[in-house]
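Feature annotations, reproduced from TrEMBL:
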- 346-370: region 'Disordered' (REGION)
- 346-369: compositional bias 'Polar residues' (COMPBIAS)
- 541-552: domain 'EGF-like' (DOMAIN)
- 565-587: transmembrane segment (TRANSMEM)
- 594-610: transmembrane segment (TRANSMEM)
- 625-645: transmembrane segment (TRANSMEM)
- 676-695: transmembrane segment (TRANSMEM)
- 707-732: transmembrane segment (TRANSMEM)
Amino acid sequence: MRPTSSISVLNQEVTCYNLSPQTSEEHYNGLTDDNIDYIMEKYFAPCLLLYVIAGCFADDLTYLNGFYSKTPQRLSKYSWFGNVRLHHFRVPEDAVLLRWLLTVSRGSGLNCENQNITVHFRAGAPPVINPIETAFPNSTSVSLAHNLTLTIPSGHSSNVTLFNVTHPKPGDWFLAAHLPKDEGKIEQQGLPSCSYLFQAQMFLRRAADLPILQHNIPLYQTLTTTPALFKVFVPEFTSRLDVFILNCSGKLGNDCGLLITVGSSTLRQGSEVKQNCSGLESCSTSVLIPPWNSWLLVTVETSQPNTTIPFSISANVTVGCKPLSVSSDFNTSAFIRTIIAPQSNSSGGLSNTSVSTRDQPGVRANSSEPVCMRSPSVLRDEQDVLSLRFIISSSNLTVTSDLPTVLTLEHSPGDSGGTFIVQLHLNTSSLVGGFARVKACLTPSAPVLHVNLSQTCATGLMQGYSLSVSSNESQALLRIPFPDAAVWYLSLQTVCNDSVDCRNASAKVSASVSVSACIDDCGPYGECRLLRTHSYFYGACVCKAGWQGWGCTDGATAQSYSRQMAAALLLTLSNFFFIPPIVVALYRGYHVEAAIYFFTMFFSTFYHACDQPGVTVMCIMDYDTLQFCDFLGSVVSVWVTIVCMARLQDPVKYLLFMAGTLVISMAMQLDRRGLWNLLGPVLLALVIMVTSWIYRGVKRHQCYPPLWRRWVLFLLPGIISALIGVCVYVFAQTDSNYYYTHSIWHVMVATSVVFLLPPREKHIPPWGWTNKICSYRRCKNEKVELYTVT
């Protein structure tokens, strides 16, 4: 790759490169957040201009530019696919250069060390990734996406990287970014931390008037140092594409040193076919079973520098096989009888039914050509978002050895966010002839037409997936996470024993094809989540109880049942430590406070019983309601305890109780895990308490509370218990130790309440009953109540 020009930006050399069949990366470290916009304006626009100027002088093609940007998103540490930040781009036809500007900026954090950010790229569907190296579910076929690691060194605030893809495949492209593996540390919102923002911006250069290669019509061109670009259309049912180079002449006579490339880059192996024509005056390259109904890019380059090479180029498309043609009049009754009625288990007579010539073997409608494939009708039934099934016209497919049976499965771009599931079941009582097995090939864009001869189930530019069923294994299952957005083809054919005649071998196979959001709905130890980036939906599993993997089937770190039961008991039974504060509050006459402590104990107990990650779960009401009540009760308990310690008059105290509870409820509805939801009420209550104590001390001319026993035996132990609980809650909690560190938090908070509650008023008897029940009238001493505050 050769640089065409360079400019200096912020004392760093920024280089713009020519088109190349390889990807390239350029890194710029040490940039501040304020410099990012400056960089975009100063060097990215000149680079675009240089590409335009270079393209205008290179050939007669007209190049257009496009620029697309996504909103910056905060990155998260990876534990499941929901932690990634997915960016969706659309690459148009005739794109010749794709350049991503990847910007990662660091927020204001303390002592932030070197940080790696991983970015995954994939064309056609979201990238399948496995950064924590977990096991995929059985019968799941995956191909991990191309990835790039960006690094922000310690002391630097950002990283800017340019990533090039020349001759990209048109269609959907996806980028997924995330931080390294989540170590399980529970970080409290609001505390200083090292945060990172990721933004992806795409520059696109496309040719507006690419020459089209007509079938068997030579096109005369002159090649310079810039590659010559062409495109050719591949119609449906094409079995072979040939590209020919003729009448080539260069400086070395007939050796033009040309290189032909057919196809576009997808950052995967096998997406392009290349032919080196060095030493040949005429050469050709072939693509067997190219993608149907698509335009293919053809690139011609030379290895000879500073030369002009005239040549002619042509293309030929071979249509070798077509399915049976359907009848001219569509018979609705037959369609209902053969497809809809069996699926709904309905019965009844439908008259005037007939079978289309598409399902009749041996004869093509209105043609004398022999049959080369069977293509049963397939109904696409969309049930919900990422919930799709394909209904086949025949519940049992007759699969023979002489002709393949091909099912056409049309995927829309929105289906690529789910999991493609194919199941085959062999009817072992239907085997005929020298049957050995039924082999199936699942391929995108074009089918495999000779399944029994194919070793890898690959077409010209696409890698397929293989399945097989036999008398020993009558069922087969294949699951493909995030399948490409394309028309898929399932080809089936019987494979025979080598020692017998294979002409009459056949078997009946039932096929079930569907798309679901997650694999097996994530099983018993996971939950399927439907995620969204802008208008694109995709599914992912969030696992629990230590299970991991794409379908929550990797139990390498799974929690045992005894471990789950211990966690559930600790988190629930530790709330019973609120019984002593309730008893103490009732004994001292603080009935409202006791009711709030009981509320906290009740909902915290059942919230943690419902919040368990494994099978030891019990929910008495909606999870969100339990969580809200638990968080509300915890903060209100702290609020009323500190306000009670201020020893205010009852009207003022209860006014603060009610006002504080209402404000805390609103804050909890906005953000339940925010640090200030707890810190704000605590600080305000402390200000009220300290102000009241100072006022009493000044008025009495002595320290308040006046007794040293109160400080040593009650206040100091209560403060120490509260501080221990807060430190454990904020700094020590992780996912692995949560069940006992959070239980310690319960114990410490409850213990601190026992010590911090103020003593009983002198005129109030134990348990707070200040009067007797006189017949039907309750007697009260109003005069005493006016002077209860000491």
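Heads up, the Cβ atoms here are built off N, Cα and C, so glycines get one too.
Source: prediction; values computed, not measured.
Counting residues 6+ beyond its ends, the transmembrane segment (594-610) has Cβ neighbours under 8 Å at 568, 571-572, 575-576, 578-579, 581-582, 585-586, 617-621, 623, 626-627, 629-630, 633-634, 636-637, 640, 742, 746, 753 in the same chain. Through the fold, the transmembrane segment (625-645) approaches residues 590, 592-593, 596-597, 599-600, 603-604, 606-608, 610-611, 619, 653, 656-657, 660-661, 664-665, 668-669, 672, 677-678, 681-682, 685-686, 688-689, 749, 753, 756-758 of its own chain, all at least 6 residues removed from its boundaries and within a Cβ separation under 8 Å. DSSP assignment over the domain 'EGF-like' (541-552) gives 0 helix, 4 strand, 8 coil. Tertiary proximity for the transmembrane segment (565-587) is limited to same-chain residues at least six positions away from its ends with a CB under 8 Å from its CB atoms, namely 559, 593-594, 597-598, 600-601, 604-606, 608-609, 611-612, 616, 738-740, 742-744, 746-747, 750-751, 753-754, 757, 760, 766-768.
Cβ atoms under 8 Å from those of the domain 'EGF-like' (541-552) belong to residues 80-82, 128, 130, 132, 134-137, 140, 142, 481, 518-520, 522-523, 525-529, 558-559, 564, 613-615 of the same chain, restricted to positions at least 6 beyond its ends.
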